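All remarks here apply to the structure that follows.
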């Protein structure tokens, strides 16, 4: 049996592949791609109802037909899955499939190899038809207009549009070019009319029967998100032509009662809604997504719109106001950028994750609906008041965190360090919000301003917090800084409760000059902190190459070990008193804190170690490295117990007693974390 086995993705809501929608009875389901697998959401509450198997390569297109899910993979293979069991593979395309559609018992697949193939569902030996689209035609999208029996419209990146009969294999008509590449097609409720989203930001409504343009909307992608720009003035047109920002990437028509609307999504993340009767702009969702919109869908007969974006979010909007403007109804979201730090919480039932997008999230390993972003206190209100983007007011990315559930219901139970910040921040997970207290040593705020020229409270590089720890009882937080200082705080009150310092000694003149002036805990940045379960000792590792043990209550130094190189990562197993360090020389070392001696050395990594974790029973040590490997070390045997070398650059891991691997996203790994009593290894990527 393999040491590492893929399991499922947590926090990966949707990627850049457009989701597929199908209605079954009274319920509507959306199938979304999550890297090498797919998930099915019930759109009524956006809850996951089915998770597909791990596939050998990334998904490029999706389609559904009853219990059957069809996933096109990189390279051209199409995997057919009935519920969660793979039933076969359609082969024949030599390029990646960019679009698929199921019409009755026929599957249509469009590939970058310049072919459109028609298959009978379940018959995978050979396609019914293979249509050669011709030279100079790079397929980009397809659509089936209503009432057009056995016919499909195919768009190209060059701006050409063709109408094919896939049953007879006949090209019926090639339409006049529109001067820009076609990114998306959507059939409208009006007979013979189809919507085209173009690369230059325009949306064109085309009459297929007469090959005539019915209507045209400029800058429908919402570049600039200003009314003037959307209505087509010079500035708006210039913005629409900006590389990569002005393309229309998603279209949807509203059906049923109410104002006939066309929704358009762009590469800038905005969604615009257009009144088709008055042929003018209806409303704009300026911050619909933080990255490009990949899919829009109006639910049949409902004033409800679903959107998905490259920011790893799926959202639903409802148009129930007096003015018909959309408001956010519900959403599911994960990190919009790779996670930078991941730790298990609550016996492995939840996962704390901090991302490069400067968000801090709690992911449930049991129920995805319980996952949420921790609030940074009224960001929207503060951003509107200051007239700045919400992202500008977020805290810097998290570089270290510590959490415990002993006092979860009493006060803040998470402490975090942020890049360039001289303060550590507390969080209340019970309320999913930033805590009341900010941990800052006496006099630090005054040092941060004044003559140094820095803003009030801003950290000098030597003052920035680099390591944090939380006592097992949840009463104390310990904070280490880039200047080597280590401070202790009370979590309930946020008050400073002492500093860990080395007493000056010796009889030379230098020591006499500094008599009565203790030195900070380390002579360089503090790389890691950890305490035992009874608050007897605290261990700290620093860039000065020292591993020091302190009396937790008295803040006095009780022991010191020379590591031989700058400590970069530190992990502790409190029950056994073992501490693992990853120095700059790439040789992992394990020390017995009680006996003050080295007990194990492990060699093998070829680049910087990004994270360390012990298993709950202290049998295994996990390490991730920038050399692209994730290694499991057998501590009793003193050897490597297994490794995974298919990762690009691991940086976070977490591991419990049984060894199975959990790959949340196809990003290079960045941190590791191991939950007690669980059997999943969490690997996150940057």
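Heads up, the Cβ atoms here are built off N, Cα and C, so glycines get one too.
Curation does not apply to TrEMBL; its annotations are automatic.
Of the candidate ranges 419-439, 440-460, 461-481, 545-565, TrEMBL annotates residues 440-460 with the feature region 'Disordered'. Sequence-distant contacts of the repeat 'WD' (519-553) (same chain, six or more residues past either end, CB-CB distance under 8 Å): 466-469, 471-473, 476, 478-486, 499-502, 504, 559-572, 574-575, 577, 579, 581, 583, 591, 593, 596. If you take every residue in the repeat 'WD' (519-553) and average the pLDDT, you get 95.
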